[in-house]
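Participant: Mind looking over this structure? Questions follow.
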Amino acid sequence: MTLLLKNTLYLALIISVISSFPTSLFAQNCGCAPNLCCSNFGFCGTGTPYCGVGNCQSGPCEGGTPTTPTTPTTPTTPGTGGGGSSVSDIVSQAFFDGIIGQAAASCPGKNFYTRAAFLSAVDPKFGNEGSSDDNKREIAAFFAHISHETTNLCHIEERDGDVGDAYCDQDKAAQYPCAAGKKYYGRGPLQLSWNYNYALAGQAIGFDGLGNPEKVATDVNTSFKAAMWFWMTNVHSVMNQGFGATTKAINGALECNGQNQDQANDRIQFYKKYCADFGVAPGDNLTC
């Protein structure tokens, strides 16, 4: 057999072996062909392990909704960050009850808000991307703001919201058109407001925010999910700047730079209390 023939046969054999590899072994950085899905573990392929809901981060995912890519690790409690404590460990039933227990029996939120609904709404990155102290501070900040906004989870809707402003931003109405007869005043734990926030929250968590804004006040799971959406979209990324930055992200136009200091200080006092409950220092830059 000639050397040329041998080389040709070896090349053919190599190509044959490579071609027989499953498609899932290629493109670990997800440079997949258009017809292949990229799994959460960074492999290309087809079928439920690659394209299924919860398994797919890009490509023709089933349901059309890619998930956030994950890295294979030793299984841990969901929501556990670098410090080893999960959100559910930190937000115990006793902690939650300690907040809502301060609300009067006549408060509408008393029989609406639940710890279970909060936990079901928790984003995987919430209280889960920093040190143990960082994670506890974020959770303390979240509950400080919802305690302020709802007066210890007493209120579901903005007081007198149904007779007040419609919160329809006309500058954004072309993109987020306000529905006839609907008002986009504060609802839920973070008092979600304005037509554009309702629209975007609805798109993110799956409800008609413009046509049915009332759902944030009637369905507790939607209520907490809308609050978590707002937090992760607008607040989560500034936690490393201190609590003051979170106030600025939520209501900076009215409570920063010396404005409405009683309101801003109320948030700070809640934050300090919850940090103390979690055994963590509140850190610097508490004001905005």
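The backbone N, Cα and C atoms fix where each Cβ goes, and this holds for glycine too.
Taken from Swiss-Prot, the feature signal peptide covers 1-27. For Gln28, the entry in Swiss-Prot reads pyrrolidone carboxylic acid, with the evidence type a curator's inference. Residues annotated as domain 'Chitin-binding type-1' in Swiss-Prot, with sequence analysis given as evidence: 28-63. For Cys30-Cys38, Cys32-Cys44, Cys37-Cys51, Cys56-Cys61, Cys107-Cys154, Cys168-Cys178, Cys256-Cys288, the entry in Swiss-Prot reads disulfide bond, with the evidence type sequence analysis. Residues or ranges marked as region 'Hinge region (Gly/Pro/Thr-rich)' in Swiss-Prot: 64-85. Among the features that Swiss-Prot reports, region 'Disordered' is placed at 64-84. What Swiss-Prot records for 64-78 is compositional bias 'Low complexity'. What Swiss-Prot lists as 4-hydroxyproline is Pro66, Pro69, Pro72, Pro75. Residues annotated as region '4 X 3 AA tandem repeats of T-T-P' in Swiss-Prot: 67-78. Among the features that Swiss-Prot reports, region 'Catalytic' is placed at 86-288. Summarising the annotation, Swiss-Prot assigns active site, proton donor to Glu149 and lists similarity to another entry as the type of evidence.
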Participant: Where does the mean pLDDT land for the region '4 X 3 AA tandem repeats of T-T-P' (67-78)?
Facilitator: 35
Participant: Out of Cys51, Cys154, Cys168, Cys178, Cys256, which of these disulfide-bonded residues is nearest Cys61 (disulfide bond) by C-alpha distance?
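Facilitator: Ranked by Cα distance from Cys61 (disulfide bond), first place goes to Cys51.
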Participant: May I ask for the distance between Cys154 (disulfide bond) and Cys256 (disulfide bond), taken between their Cα atoms and rounded to an integer number of Å?
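Facilitator: About 25 Å separate the Cα atoms of these two residues.
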Participant: Round to the nearest Å and give the CA-to-CA distance linking Cys56 (disulfide bond) with Cys178 (disulfide bond).
Facilitator: 34
Participant: Long-range same-chain neighbours of Glu149 (active site, proton donor), Cβ under 8 Å, sequence gap at least 6?
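Facilitator: In sequence order, the residues whose Cβ lies under 8 Å from that of Glu149 (active site, proton donor) (at least 6 apart) are His155, Gly186, Pro189, Leu190, Gln191.
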Participant: Using Cα coordinates, what distance in whole Å links Cys107 (disulfide bond) and Cys51 (disulfide bond)?
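Facilitator: Here the two Cα atoms are 45 Å apart.
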Participant: Using a 10 Å radius around each Cβ and all protein chains in view, which of these disulfide-bonded residues has the most neighbours: Cys51, Cys154, Cys168, Cys256, Cys288?
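Facilitator: Answer by Cβ density within 10 Å: Cys288.
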Participant: Whose Cβ, among the disulfide-bonded residues Cys56, Cys61, Cys107, Cys178, has more other Cβ atoms within 10 Å than any of the rest?
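Facilitator: Result of the Cβ crowding comparison: Cys56.
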Participant: Write down the Cα-Cα distance for Cys51 (disulfide bond) and Cys288 (disulfide bond), rounded and given in Å.
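Facilitator: The Cα atom of Cys288 (disulfide bond) is 45 Å away from the Cα atom of Cys51 (disulfide bond).
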Participant: When the Cα of Cys51 (disulfide bond) is compared with the Cα of each of the disulfide-bonded residues Cys168, Cys178, Cys256, which one is closest?
Facilitator: Cys178
